[in-house]
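Q: The annotation domain 'Sulfotransferase' is assigned in TrEMBL to 35-191. Feature annotation from TrEMBL assigns 3'-phosphoadenylyl sulfate binding site to Arg46, Ser54, Lys171, Gly172, Arg173, Thr174, His175. Summarising the annotation, TrEMBL assigns disulfide bond to Cys154-Cys166.
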Amino acid sequence: MTWSLMPRTLETQITLEKTPSYFVTQEAPRRIFNMSRDTKLIVVVRNPVTRAISDYTQTLSKKPDIPTFEGLSFRNRSLGLVDVSWNAIRIGMYALHLESWLRYFPLAQIHFVSGERLITDPAGEMGRIQDFLGIKRFITDKHFYFNKTKGFPCLKKPESTLLPRCLGKSKGRTHVQIDPEVIDQLREFYRPYNIKFYETVGQDFRWE
């Protein structure tokens, strides 16, 4: 990432750029720091087990012949050996990835958004994001409409007659059914990473 790739921005404006891979990309903290050490970072996190199942569900929709979720999650399930080389598992080890970012950015410059609360209370989460960015709370509950079919909130303009803008077809897809014992094993695997993450960021996301 370089300044040349970013749009021109006035002092009164904020430029946002997003990608799901930054947080887990080894070189990203250093490159972003070298571009601007004053950058404010926003990271959306969710229950790592649910996140892994969602990741698998999306991949399965494109590649129906991939191995089972259980087969990809474990090197040896009977011994409880989780395969951390599988990206869907590794991404949810948030405490591990955060260490790389804290070598370059103070915690005060990183804001963590609860993926669960972003669904149940989008206005509240957006309010906290706006506070973090130091801007007026413009986006409120008037800007959201809950779509029962998708199970997600949709954006709308209060003064507009246009239909609410909802997430694309790849979002809100019904997850594949996973053996509850597999879920329990993964919860145990993630527990120490979750606790360390909670302690580091000073926020309990209640994933246990």
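Just so it is clear, glycine is given a Cβ too, placed from its N, Cα and C backbone atoms.
On this model, are these features tucked inside or out on the surface, and what's nearby?
A: Its Cβ taken as reference, Ser54 (3'-phosphoadenylyl sulfate binding site) is surrounded by 18 other Cβ atoms within 10 Å in the chains shown.
Annotation for Cys166 (disulfide bond): spatial neighbours Asn147, Lys150, Phe152, Cys154, Leu155, criterion Cβ-Cβ under 8 Å with sequence separation of six or more.
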Q: Averaged over the whole of the domain 'Sulfotransferase' (35-191), what is the pLDDT?
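A: Averaged over the domain 'Sulfotransferase' (35-191), per-residue pLDDT gives 91.
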Q: In sequence order, which same-chain residues at least six apart have a C-beta under 8 angstroms from Arg46 (3'-phosphoadenylyl sulfate binding site)?
A: Ser114, Gly115, Glu116
Q: May I ask which residues of the same chain, at least 6 positions away in sequence, place their Cβ under 8 angstroms from the Cβ of His175 (3'-phosphoadenylyl sulfate binding site)?
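A: The answer is Thr50, Ile53, Ser54, Thr57.
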Q: Under 8 Å Cβ to Cβ from Thr174 (3'-phosphoadenylyl sulfate binding site), same chain, six or more residues apart: give me those in sequence order, or none if nothing qualifies.
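A: When sequence neighbours closer than 6 are ignored, Thr174 (3'-phosphoadenylyl sulfate binding site) has Thr57 within Cβ distance under 8 Å.
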